[in-house]
Amino acid sequence: MNMNQYYDLDNGKNVMFMNDASSTSGYSSSTSPNSTNRSFSPAHSPKTMELQTDFANLNLPGGNSPHQPPMANSPYQNQLLNNGGICQLGATNLINSTGVSFGVANVTSFGNMYMDHQYFVPAPATVPPSQNFGYHQNGLASDGDIKHVPQLRIVEQPVEKFRFRYKSEMHGTHGSLNGANSKRTPKTFPEVTLCNYDGPAVIRCSLFQTNLDSPHSHQLVVRKDDRDVCDPHDLHVSKERGYVAQFINMGIIHTAKKYIFEELCKKKQDRLVFQMNRRELSHKQLQELHQETEREAKDMNLNQVRLCFEAFKIEDNGAWVPLAPPVYSNAINNRKSAQTGELRIVRLSKPTGGVMGNDELILLVEKVSKKNIKVRFFEEDEDGETVWEAYAKFRESDVHHQYAIVCQTPPYKDKDVDREVNVYIELIRPSDDERSFPALPFRYKPRSVIVSRKRRRTGSSANSSSSGTESSNNSLDLPKTLGLAQPPNGLPNLSQHDQTISEEFGREKHLNEFIASEDFRKLIEHNSSDLEKICQLDMGELQHDGHNRAEVPSHRNRTIKCLDDLFEIYKQDRISPIKISHHKVEKWFIEHALNNYNRDTLLHEVISHKKDKLKLAIQTIQVMNYFNLKDVVNSTLNADGDSALHVACQQDRAHYIRPLLGMGCNPNLKNNAGNTPLHVAVKEEHLSCVESFLNGVPTVQLDLSLTNDDGLTPLHMAIRQNKYDVAKKLISYDRTSISVANTMDGNNALHMAVLEQSVELLVLILDAQNENLTDILQAQNAAGHTPLELAERKANDRVVQLLKNVYPEKGELAMTWIPCKVKEEIDSSSDESSDAGQLEIKSEEMDIETKDEDSVELDLSSGPRRQKDESSRDTEMDNNKLQLLLKNKFIYDRLCSLLNQPLGHGSDPQDRKWMQLARQTHLKQFAFIWLGAEDLLDHVKRKGASVEFSTFARALQAVDPQAYALLVNPT
């Protein structure tokens, strides 16, 4: 017979109970609780037994589970918590130093693992005071003491997306699981802190499922001694070490499907053994564990995990006692999964399409699921609001191996637009509404018939009234006939007739509006006397021209003819001879194009003639300029959409470009392929045409950011063709063109130079320095790669090293200096590879004008900048003297020796003299990449023309008088 204490669930206190059975189920199996032979606790009343049985069978999640059990807020549950009868600490099972468990472990309290044992709270006297750790003796803290209870708090969440790798992919080095706020520098990692506790503890990190408080089949590994150690991972914290645990260098190994059950079962079994403080489980427990694992393995999300953090105290006997409820991180999604990975469009087959839609478009994308992906086209206004959207059409079979989508573009909302419309393309995953970033630009081009109609309309307004022999239908912008005019004496009054003779105005208000117009008033003012003699206005009835219109009498026909002749005479007298000639030239110009098979104008033909008829072409340009027909020239394009400038660039006839620009031809007009004349010149490698554009003074400024239908600017085309001289001229004209990304794959000029593996172009681009250099270096293309990352993928050590030398570190500005050895090698290699018939590539010196310590401006001019200060004796010397002195080996070596010595005074006596010299000569921007005085003097030697001798000498005198004397008096 046993004497046991049981907790009275109804009265909220412990009572003594005599039991002659050894059952641990809470009551004797041999005696009914209703028997009158014994004194039973009220805890064994039928109602209580029913509730107790229901409670024991409940599958309650841990305290930190995002899914609260249905009974969490029930009156019965609240009564248990208020009375202190149940120690609900989430997934914890408190174990005292003697190995006796206390607290209640429900079915899910051990990571959602089933347990067939019920643990009751011992009597208060049995709980040693030293085991409380901020809790009351019943294991619960009162409301007033919550702030003193040990608890874990996540300081840094893990990244939202991380690549899960298979074990076969774990060779070599890979990125670790970083924190959500991690940057290139500084990096952060998942971090958790233990609060309200001042003793030694262990913080454990393990991998859990997102929808259950249960381990995940994937492995959370840390590389140690060339091997991967699987979770859980433990970190010791204490008052001396601090209570912040940072888990670094962790990776996630994706478990193959055929091993999911095995790995999950092993993890759950190990965790249950640890929590029960046993060596092995019973056969029944193993069987139930297998069944539970089978259920979880079927529905487990293999592309989403989370971290579980737990805190323990290790007792003297080796028992691990939980200190606080576990906490769980945000979900970590598999970056390479089609279901949860990051969506990204890497490249478009073409960035343009027609407004009618149904154009085939191929998208190269990151991994997507064919059953869970959409391609969205959308347009935004100036405020970023979506004003139009549509989805591309494609079948599941059009998604090729999860990395390419062949789709048909949707039609644009307005099929009659007469200009290009810029929209965007993005991917959408309907399951979680994830969208690709960045959205790539796409251009809708108008229909050719609309463009042709627009071009004809531009010239037709003048053409309609161009000739004196034209019909009076278009004269003076008046109606075909004016029915209310009174003819000369002798003619009948027109108002006596019921029908009007007007064919253009059907309502009285239209006529009134016309009469009240400014043009009509001017007509009356300019020729009012003649009008009074010829016609008298009569406000007769103006009726609608119907089908039953009365026949016009013969005398009325004479009236119409008389008025037509009248207005024709007025028109001839009103138009000056030069205007008549203007209209005739314009008419011939347009008619010739319309009657031509390729719709070439006279200007197109004389420029593109096989034999360059310079005199004839120049005369034609002069005539067009004389009559100010620039609008006609810009609007009348041939069948290919080429202007006269396009044709001149195609035929490599640069001598026509400046006259055409002077006449007002637009150099930014695009042809049907989206190419401007400058695109054509670069594509055809006609350097003289490029120079004519860049050196001319066009009335319309050249726009080097315009892209063609392939998404390329002229600079992109020059880099792709590896044309150093063309790229150099374009960059000299507009440095901002370097940062323009092509619309096909998002690569800027630096990206493309890396892909071409051209060190010469890289140095050219990096030398064209401005305040945006750091942005260019850190810019990502559509695939999310920076130029340095692309270079590392190409594995060209020379290119990688060059970019690393200028790449910004730790928030510093990008280095504004290209190693001299690299430039010398480029010069020598360019000289050797240059052919006799090609332009020689030379590396010009780039001069630096230092305005202050934070801004450095470079001059791309070919000649060095020389500055003299007549007020100082030293500045009267040629600045090149500094270069000559430093080329003297004795002086150079001696200065290096002196400047590499410690300063010996000031706030930092150990600071080297050359560093102080760099600050005083405004070269502080470069000091962080210099290792010693040799680097400083090498820079001054190269850039001596931009470093004043007097400034350098005065700074050197303040830093080291001995070095100053050596420089001023080298003899």
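A Cβ is built for glycine as well, from the same backbone N, Cα and C atoms used for every other residue.
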(message) Labelled phosphotyrosine in Swiss-Prot - which residue from TYR197, TYR328, TYR403, TYR626 would that be?
(response) TYR626
(request) Select, from THR255, THR620, THR816, THR951, the one residue given the annotation phosphothreonine by Swiss-Prot. (result) THR620
(request) State the mean pLDDT for the domain 'RHD' (147-339). (result) 91
(request) Please report the number of other Cβ atoms within 10 Å of the Cβ of TYR626 (phosphotyrosine). (result) 13
